[in-house]
Amino acid sequence: MTTQHSPGLFRRLAHGSLVKQILAGLILGILLAWISKPAAEAVGLLGTLFVGALKAVAPILVLMLVMASIANHQHGQKTNIRPILFLYLLGTFSAALAAVIFSFAFPSTLHLSSSAGDISPPSGIVEVMRGLVMSMVSNPIDALLKGNYIGILVWAIGLGFALRHGNETTKNLVNDMSNAVTFMVKLVIHFAPIGIFGLVSSTLATTGFSTLWGYAQLLVVLVGCMLLVALVVNPLLVWWKIRRNPFPLVLLCLRESGVYAFFTRSSAANIPVNMALCEKLNLDRDTYSVSIPLGATINMAGAAITITVLTLAAVNTLGIPVDLPTALLLSVVASLCACGASGVAGGSLLLIPLACNMFGISNDIAMQVVAVGFIIGVLQDSCETALNSSTDVLFTAAACQAEDDRLANSALRN
């Protein structure tokens, strides 16, 4: 006679969502630091291993994803998506700019193990631009070894355009390599709960529980900035496009797209939801069938906010002065970084080192910032995805409605 036992708490966590596992690791790390400081410091090795794995996989991830995306671009698709594409890019840049303003208004700091003496901060915008240009012409192998993400991007874009003229077998190989690297990233991400357990335990054991308040403040800045973009910046852009009250459309998209994306934490998984909402709004099928998948790739307002806020938090922590031109340049760089964050779990976090390079911050310190992002990622990633995905359908609807209004007005004049 066999008896069936209901799955215990550990089994449910082991087979549950990554969000629940990370939350469990966060709670267990806090408890261990509170109960035993020596034990908490000992398990810090788990966090060190996790950060090391991130450092190893991030450069090759950026190279393969960008190269495969450009090489496999499909020609001949003619749809009326230029206004939507413009809104995507303008919205992402506006989000990064709002994040800069928010970060200056409410500066946050992080608890990093390295001191400001480990870096050589730039003196101004001229030195930053010189550093960016020199990074672009770096040897590709050297760029991969040193985590020079700007150089990696340049080589990935160049190779991607060159491979467009290659045969389909070569393009398929590049795409398969990209999928293989993405699989490795997902494998590393699956160990995030263990890594976060070690990071939280060792951090609290060495710096005290006051560290939590620093992360809480950082979360408030991140989520507050995302709310500002969702409820102020995006409505302004939509009003500029349709010239009428934008909030019914904004709230509809947040309710029927954003809420679902908040829990799935995947813009790609939310594409069918956005497609259904576009059909419900009677939008042009030829337009939204292209713009929604495109938006899931390049419309990354939430990612731009995450990259900007965490980068400026690291800058504040290290005491690096930031002038206005450099802050504006950061908005542009964060926007470009955000466009490369699609389809990867924690993609926006893994692209933070690229923005950190602007300020002379080493890859080691930048990856500590990434680790902080994973600690707060339970809420940050959900809010980021909700903003990203709901904005896809919002801007698509705004552009389509503006075009319908233009055609209707033209018909009335005739």
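Placement of Cβ uses the backbone N, Cα and C atoms for every residue, glycine included.
Considering the side of the membrane named for each residue in Swiss-Prot, VAL43 and PRO325 coincide.
Taking residue pairs at least 6 apart in sequence, the transmembrane segment (46-66) and the transmembrane segment (300-320) share fewer than three C-beta contacts under 8 angstroms.
Taking H, G and I as helix, E and B as strand and the rest as coil, DSSP gives the topological domain 'Cytoplasmic' (239-299) the counts 46 helix, 0 strand, 15 coil. Shown for the topological domain 'Periplasmic' (321-331): DSSP residue counts in helix, strand and coil, namely 8 helix, 0 strand, 3 coil. Packing against the transmembrane segment (218-238) from elsewhere in the chain are residues 87, 90-91, 94-95, 98-99, 102-103, 106, 108, 110, 246-247, 249-250, 254, 258, 301-302, 305-306, 309-310, 313, 372, 376, 379-380, 383-384, 387, 390-391, 394-395, 398: each is 6 or more residues past its ends and has a CB under 8 Å from a CB in it. Cβ atoms under 8 Å from those of the transmembrane segment (84-104) belong to residues 221, 224-225, 228-229, 233-234, 237, 241, 287, 291, 294-295, 298-302, 304-305, 307-309, 312-313, 316, 327-328, 330-332, 334-335, 338-339, 387, 391, 395-396, 398-399 of the same chain, restricted to positions at least 6 beyond its ends.
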